[in-house]
């Protein structure tokens, strides 16, 4: 078994076993606390440019199947596990995790203390990291790593380049792709929506020309401040048609209305995050994947906080006080994770129907 090392920008080194693609990579190291759902996580474009650590000790035991892709071409930089299952056992299995990562040109490392690694990230925050082969001078690797500037065009990398339809017989929805998870599209299709997926750079005029009943702002990777043109688009459609934002879409919707965002120390990544609906006290367990959040202190008067994370009290949902528009930081589409919050898609459908009847 070939050895591979993980080097953090603070100089910490972990030595383990190589699997997946035989290449060196650099990215932001993060951790995911989910016990299952590794295929959905690896193929989630919100992990673009990141080295993904799984805290659950065994990963790969049910293999990779054709149904659980969140995107066809995953763009995470690398995968870190305590133990990689060399054999997969599941009736849907088509290939092992190792075979999948090789095919997608993603390196992995196993056999390291992922609990110790996670504690470092929790204490010091996410940071740059390198997956490389044994043999190079550690001082040289660390110097190179500390000099590395990570890309800021994450959304541009993963957004669709051209518009495409997902036909349905129901309400017409324009889905703006900032790094779209297929599960969002599936939830809209289950509700018979006639969906047009458009690039992140689509203007308000182009969206309104499609005459939709509503606009959905998808999830996506990176810093919401990197796509200022999206704020103009949101302001241009807001009030004219209903809006529903998820994850990155939530942050952009809030920013377009005057809110500010900040980078979290280590983010929320997993599907055991308890979120409280403030008006009712209802608690949902949610799937989350984000490193930025909306600032509670800078929220303008016309945005109402509707949901908050129980543990750190971060803003998990907002609604416009006067217009048909709302957003949530978490993933009501789950994939992976609980479906507690899938009712939000129904609320969006109802919002579009009411708006359509009144206009």
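Heads up, the Cβ atoms here are built off N, Cα and C, so glycines get one too.
Taken straight from Swiss-Prot:
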REGION    1-169  region 'CPSase'
BINDING   46, 220, 222, 248, 251, 289, 291, 292  L-glutamine binding site
DOMAIN    172-358  domain 'Glutamine amidotransferase type-1'
ACT_SITE  247  active site, nucleophile
ACT_SITE  331  active site
ACT_SITE  333  active site
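Feature map: annotations from Swiss-Prot on the structure.
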residue	record	contacts (Cβ under 8 Å, 6+ apart)
46	L-glutamine binding site	179, 181, 219, 220, 221, 247, 248, 289, 290
222	L-glutamine binding site	48, 49, 152, 154, 155, 248
251	L-glutamine binding site	224, 245, 261, 290, 292, 293, 294, 329
291	L-glutamine binding site	28, 30, 126, 263, 264, 266, 267
333	active site	181, 183, 184, 186, 187, 246, 287, 342, 345
PLDDT averaged over every residue in the region 'CPSase' (1-169): 95
Long-range Cβ environment of residue 331 (active site), under 8 Å and at least 6 residues apart: 181, 183, 219, 246, 247, 286, 287, 288, 289, 337, 341
Cβ-centroid neighbours of L-glutamine site 46, 220, 222, 248, 251, 289, 291, 292, 8 Å, sequence order: 179, 219, 221, 223, 224, 247, 290
Coarse DSSP state, helix versus strand versus coil, of residue 220 (L-glutamine binding site): coil
Site of maximum Cβ density within 10 Å, from recorded positions 247, 292: 247
Other C-beta atoms that fall within 10 angstroms of the C-beta of residue 289 (L-glutamine binding site): 29
